[in-house]
Amino acid sequence: MKRIGIMTSGGDAPGMNLAIRAVARKALSSGLEAYGINYGFAGLVAGDIHEFKAADLDDMVSQGGTMLYSARYPEFAQEESQLKGIEQLKKFGIDALVVIGGDGSYHGALRLTEHGYNTIGLPGTIDNDIPFTDFTIGFDTALNTAVDAIDKIRDTAKSHQRVFAVQVMGRNAADIALWAGVASGADAVIAPGFDYDVEAIANKLKKNRANGKDYGIIVIAEGDANSDAAPEFIDQLKQYGDFDARATVIGHVQRGGVPSAKDRVLASKMGAYAVELLLEGKGGLAVGILENKVQAHNMLDLFDAKHQADDSLYQLSEDLSF
């Protein structure tokens with residue numbers, strides 16, 4: 001093995017640049033060459049590929065997004081596109097790859113491994129919805145962004161005695177909502193996989209009001225990218241009482257910004273480990289961190305598994321928001 005290719009695919013996540021840096025610098029320090037592939041699998045098929053030098057890799061540590069850009073490219077599920085991508089790998093002499101992205105990106109990575117190009121997947125998504133890893137690259141930063149926004153919303157909620165339903169990202173995963181709900185001291189959390197009762201939440205807010213707390217914060221997961229989750233909840237809530245209530249959607253600000261120290265270290269550990277796996281001749285693996293130990297699992301096992309949110313966080317939120 002002489003050359004490693006690196007790409008980011010799917011939605012961007014803070015810390016992706018640190019993963020790119022770690023893969024490239026680990027490859028260079030191991031006597032290999034590192035090549036960046038712009039725009040994910042679309043860029044691979046188009047041959048939008050360039051060589052990395054060590055000097056290219058240090059200015060990115062504090063930058064969000066991905067310096068390799070990203071794109072969704074469902075056409076790569078077709079063998080014709082895969083073969084075009086492989087022709088580009090041959091053209092540039094790339095022997096193995098690291099793909100940074102979510103579960104959709106892993107399917108493309110596995111296809112390349114099946115075609116004889118060992119590929120390792122790194123979990124780059126704010127949703128924290130990848131099996132076999134406690135945390136994904138970008139989750140911690142997105143969580144902190146959400147909590148910071150909720151803290152600010154609390155200020156105005158308290159000033160105007162209002163209830164705010166704050167919608168966070170995460171697709172079908174509950175993690176951002178659960179963690180942000182506990183961290184921000186929300187009065188309730190509404191998230192996929194957890195039952196909720198609007199009337200019970202309304203009664204809780206009324207009880208709080210009677211006890212001197214005349215505002216409320218409800219954290220709501222978007223749930224399958226439903227942009228109306230928070231407004232719909234507000235409409236339902238008003239059926240159970242005279243609430244001065246507002247809906248706020250935090251939105252894509254959670255996908256950007258300076259990556260947290262935790263995401264930087266996590267991405268660096270995972271990126272370096274991916275190169276070690278490739279040096280051992282391994283492919284078709286997804287890197288994760290479990291109980292603070294970086295490890296790898298077969299991608300096929302990952303596709304058959306389902307990410308489980310931390311149920312105890314939901315119960316903790318309920319216990320602390322009586």
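Just so it is clear, glycine is given a Cβ too, placed from its N, Cα and C backbone atoms.
Annotated ATP-binding residues in Swiss-Prot are Arg72, Tyr73, Gly102, Asp103, Gly104, Ser105, and among Gly11, Gly15, Gly170 the one listed with them is Gly11. Matching Arg154, Arg246, Arg255 to the ADP binding residues that Swiss-Prot gives (Arg21, Ala22, Val23, Ala24, Arg25, Gly185, Ala186, Asp187, Lys213, Asp214, Tyr215) identifies Arg154. Between the candidates Glu199, Glu222, Glu280, Swiss-Prot assigns the substrate site shared with Thr125, Ile126, Asp127, Arg162, Met169, Gly170, Arg171, Arg246, His252, Val253, Gln254, Arg255 to Glu222. Among the recorded positions Gly102, Asp103, Asp127, Gly185, Asp214, the residue whose Cα lies closest in space to that of Met169 (substrate binding site) is Asp127. The recorded positions considered are Asp103, Asp127, Asp187, Asp214; of these, Asp214 has the fewest other C-beta atoms within 10 angstroms of its C-beta. In sequence order, Thr145, Ala149 make up the list of same-chain residues 6 or more apart from Val253 (substrate binding site) whose Cβ falls under 8 Å from its Cβ. Per the record's binding annotation for substrate, residues Thr125, Ile126, Asp127, Arg162, Met169, Gly170, Arg171, Glu222, Arg246, His252, Val253, Gln254, Arg255 show a top Cα-Cα distance of 33 Å. For the binding-site residues shown (Val23, Met169), fewest C-beta neighbours within 10 angstroms: Met169. Separating the Cα atoms of Gly104 (ATP binding site) and Asp187 (ADP binding site) is a whole-number distance of 34 Å.
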